[in-house]
Amino acid sequence: MDIKNKKQKKQPTPPLTRSDDSMVKETETEHVDMLGESAFPPEFRVSEIKNKQRRHLMFMKLKLEKRKQRMAMKKKKKKERDALGDKAPPKNVPKTIENQRIYDETTVNPEDEEVAFDEGTDEFSAYFNRLTHPKVLITTSDRPRGRTVRFCRQLATVIPDAHVYYRKGLALKKIIPQCVARGFTYLMVINEDRKVPNGMVLCHLPDGPTAHFKVSSVRLRKEMKRRGKDPTEHSPEVILNNFTTRLGHSIGRLFAALFPHDPQFVGRQVHKDITSERFVLYIFKNEQRVGIQELGPRFTLKLRSLQKGTFDSKFGEYEWILKVNSCDLYDC
């Protein structure tokens, strides 16, 4: 009697064999075919399917059909153009940020004498005359979290001669004189909100200017797919495009003075599109084709304000401020 009353132990299910796996795939394909055969009204939406598995399979099937239609239309247009030859109509130009850009009246002419005079007497003239060498100090807000600390460390690997120091509760007004005394030409402060980096203060030393950026879409190296190896110690190249307005010209010179004068082309490392920062490695596939491989980290910068001189939240003179509901940009 005791033996009968004992609960029987559940036996573990055996692993799927090749035959079982093929049977499961066949049932899934049959299920997709059944979904395709069912007729839905034109107003029906896939999101209205309540069953999660059925909704996912239907969505994947519709996505595959749309892709096939696009490929068929592309091949059809290509055949038509080949048949017409020289009589084929010109291709449609895709809409990009560059060709949709509205002309700005403050666009700077590089050959203008006034612009050349300003470049020779501004705060970055010592760098462009090769009198100073960039040296960067990277710090954070008070009590930074792990993600912000890792972001600062990775920034130090892509900016030559950059050093990371913890802030330890010091005010920026006390940090700036120490940086100047130790020969630093830049102070970079990474702020955070809810454990995520959300702001950057970039101060050029010793006379300014100071730029405040909003930081978004931060991706560290481990979070990036198909990234390359860690960057080397070679001085990278810097590509600064479309910094053509008065404000853009100042920001472009601010970023240019952040890196050494002579890039080491042997390293093949490039800082591309500084405002949407991409640190890439280019690879020569052949004489005509060049491939790029992103090294990271990746982030996006949006200018919030540009201030004359070094950082001063109370009595500083601003050259430009982003108008966002008249809020205080420096509440830190």
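Keep in mind that glycine also has a Cβ here, set from the backbone N, Cα and C atoms.
According to TrEMBL, the feature compositional bias 'Basic residues' maps to 1-10, 68-79. Taken from TrEMBL, the feature compositional bias 'Basic and acidic residues' covers 18-29, 80-89. What TrEMBL records for 134-312 is domain 'Brix'. The annotation region 'Disordered' is assigned in TrEMBL to 1-29, 68-94.
For the compositional bias 'Basic and acidic residues' (80-89), the list of distant contacts is empty: no same-chain residue at least six beyond its ends comes Cβ to Cβ under 8 Å.
Helix, strand and coil counts under DSSP for the compositional bias 'Basic residues' (68-79) come to 12 helix, 0 strand, 0 coil. For the compositional bias 'Basic and acidic residues' (80-89), the DSSP counts in helix, strand and coil order read 8 helix, 0 strand, 2 coil. Across the domain 'Brix' (134-312), the prediction's mean pLDDT works out to 87.
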